[in-house]
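If you look up TrEMBL, you'll see 1-332 marked as domain 'Major facilitator superfamily (MFS) profile'. Feature annotation from TrEMBL assigns transmembrane segment to 40-60, 69-88, 94-115, 127-152, 158-181, 202-223, 243-262, 274-293.
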Amino acid sequence: MRAFFLLCVSRAGLCLGTMMFAGALPTIRSEWQLDAASAGTVQTVFSLTNALALLVASWWCDSLGARRVYLLFSWLGAGALMLFAVFAHSYIGALVLMAFVGLTQGGAYTPALLLAMGMNGPARRGYAIGMILAASSLGYFLSVFIAGWSAMRWGAGVAFSLCAAGALLGALAGSLALVGYQEPQPRTLGRKTKRESYAITYATLLLLIGYIAHSWELLGNWAWAPSLVSEALSGFSLDPLSAGLIVAAVIHLAGMIATLIVGTVSDYFNRASVLMFMGAAGALGSLLMGWSANWGARLDAAVRQHRQFLYSRRLRRAVGGDGGQRAAATAR
C-alpha cells in the first residue's frame, strides 16, 4: 500500500503542470500582451496533444507495459515543464512548448489508471481508481493555486518553475513507487487473432458513445461554468486570484471528493447501476446550473459542487471497470 500511496503522490505532483497556464493566465495576458483568442489557442493545443497522447499511450501499455510507459512520460513531463518555465516567454514559445506539455501529461494518464488497478485487487478497483484520480484533481487545484498566486507575486516564469519542480518530485515519487513492481500477466487469447482481440463489442461501442456524449457535455460545462460562477460572485469584492481559486475549488475539489467516495461505493454495489444513477443525477445538476446563476453565490456554488460531484468524468472512470478504462482512454 505504501507504493500505491507514493504513486498517488506522483500523480498529484505531475498534474501540477496541467492547469498552470490557466492559473497564471491573468498575469500572462498582461506580461505577454495576449488577447483572449491567443490564450485560447494555447490551451486548445494542449487539449489536442493531450488527447493524442492518451490514445498512443493506451496502445503502448499493451505492448510495453504500464510501468514503462508511466515512467517514460513522467520524466518527459517533468522535462517539458522545465523547458516551458525557461523558454516560454511569448505566444509562439508557449504554443510550441505547450504541445510538448500536453503530450507528456496525456501520456502518463492511462498507465497511471492501469497501475492503480494492478496494485490493488479487483475487489478494491473502485477505491484504487478513485484514489489515483483524486490525487490528479488535487494536483489540478494546486496547479491553479500555485501558478496564480506565484505569478501575481513573482511573475509567470517563477510560477512555471514551481510547477515544474512539483512535477520533478512527482516523477521521482513514481520511480520509487514502482521499484520492484511486476506487471500483471496478460490473459491468454486462445485462438483469437490480434485483430479479433482488439475488436470493439456492441457493449463497448455503446459505452464509447455514451462517454463521448458525456465528455461533450462536461467539457462544454467546464468552458462556461467559470463565467457563470464569476457572474454569481460579481456582487462580492474579490480580486481575480481569489475568484479563480473559488472556481477551481468548486470544480476540482468536488471532483476529488466524488472519486474517493463513489469509487469506493462502487466496490460494494453493481458498478453499472452506480454509473447510470450518477450519470442521470449529474444530468439533472447540469439542467439546474443554467438557472442557478440568479440564485445567489452560495446556492450557485452548491449546485455546481453537486454537479461536479455527481457527473465528474473522473467519477465515470472510477466506477467503470476495466473495459470502461480502455474505452475511456479512447473516448476522452
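Backbone N, Cα and C define each Cβ position, glycine as well.
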Seg_contact(the transmembrane segment (158-181), the transmembrane segment (69-88)) with at least 3 CB pairs under 8 angstroms, min sep 6: yes
Listed stretch, out of 69-88, 94-115, 127-152, that has the most CB pairs under 8 angstroms to the transmembrane segment (40-60): 94-115
Local confidence of the prediction over the domain 'Major facilitator superfamily (MFS) profile' (1-332), expressed as mean pLDDT: 80
